[in-house]
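Inspection log for the structure reproduced underneath, given as C-alpha cells.
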Amino acid sequence: MVAAGKLFVVVITVLIATISNSVSADPDMLQDVCVADLNSAVKMNGYACKANFSASDFFFAGLAKPQPTNNMLGSVITFADVMQIPGLNTLGVSMARLDFAPGGLNQPHTHQRATEMLFVLYGELDAGFITTANVLVSKTIKQGEIITFPRGLVHFQINNGKGPAAAIAGFNSQYPGRQNIATALFAATPPVSDSVLSKAFQISYQEVDAIKSKLAGES
C-alpha cells in the first residue's frame, strides 16, 4: 500500500505538470491568479476574478475518499474543477475521481473542452474511445496504468472485475464539460423527436419511449 501511495503521488504530479503546459485547452492566464467569482453576473469566457481570495480557494478534499456507487450505473464521478476549486480559473487544469462497483459503468460520453488522462488507483477497468472514423480503441488497464482519451471523442470505462475499482482523471481545462451520449439523445429538453431516434437507432417508437422513460431521471 505504501508503494501504491508513492506511485499515486508521482503519477498525479506528472499528470498536472503535463496538462498545465502550453497545450492547455483554455486561454493563457494574464496574471498570477484569477480566483473565480462564481456569483458574478458578468458573462465571459471563464469567470470574473474575485477581489480577494484565500488558501481555501485553491483547496479541495473531495477526491480523498471513495464515494457511494449504489446507483443504476454502479459508478460515481467526483469532479475537482473550477466549480469546486475557484482558484483553477484561467489555469487550464482540473481533475476528477471515478469510483466503480463491480460491473459499474462510466457511460459513453464526451468532454468538449479537454483531453483526459486516466490513472487507475486500484482494480481493473476496460476503457476505450471511438474515433470519428468509428474505430474503437480499447484497452484493459490495471492499477498504476494510464489511458488517454483525446478531446471531444466518445469514451467510456467499465469495471468487469469482481472487486471495486477507482481512477483519477486529469484534464487540460478548468471546466472540461461532459455530455452523456444516451442522456443527450433520449432525455433532452425539449425532447428529440421519436421519429428521429426511431430511424437513427432502427428501433420502434415504443422502444424509444421506454428508453426515454428510463433515462428521464438522469437529464
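Glycine too: its Cβ is placed from the backbone N, Cα and C atoms.
These features come from TrEMBL:
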- N106, H111, E116: oxalate binding site (BINDING)
- H109, H111, E116, H155: Mn(2+) binding site (BINDING)
- C34-C49: disulfide bond (DISULFID)
- 61-209: domain 'Cupin type-1' (DOMAIN)
- 1-25: signal peptide (SIGNAL)
> If you average pLDDT over the domain 'Cupin type-1' (61-209), what do you get?
Replying inline: 97
> Of the recorded positions listed here (C34, C49, H155), which is spatially closest to N106 (oxalate binding site) when Cα positions are compared?
Replying inline: H155
> So how many of the residues in the domain 'Cupin type-1' (61-209) end up helix, strand or coil by DSSP?
Replying inline: 22 helix, 58 strand, 69 coil
> Between H109, H111, H155, which of the binding-site residues has the fewest other CB atoms within 10 angstroms in the structure shown?
Replying inline: H109
>> Taking only same-chain residues 6+ apart in sequence, whose CB is under 8 Å from that of C34 (disulfide bond), what do you get?
In response: G46, Y47, C49, N89, T90
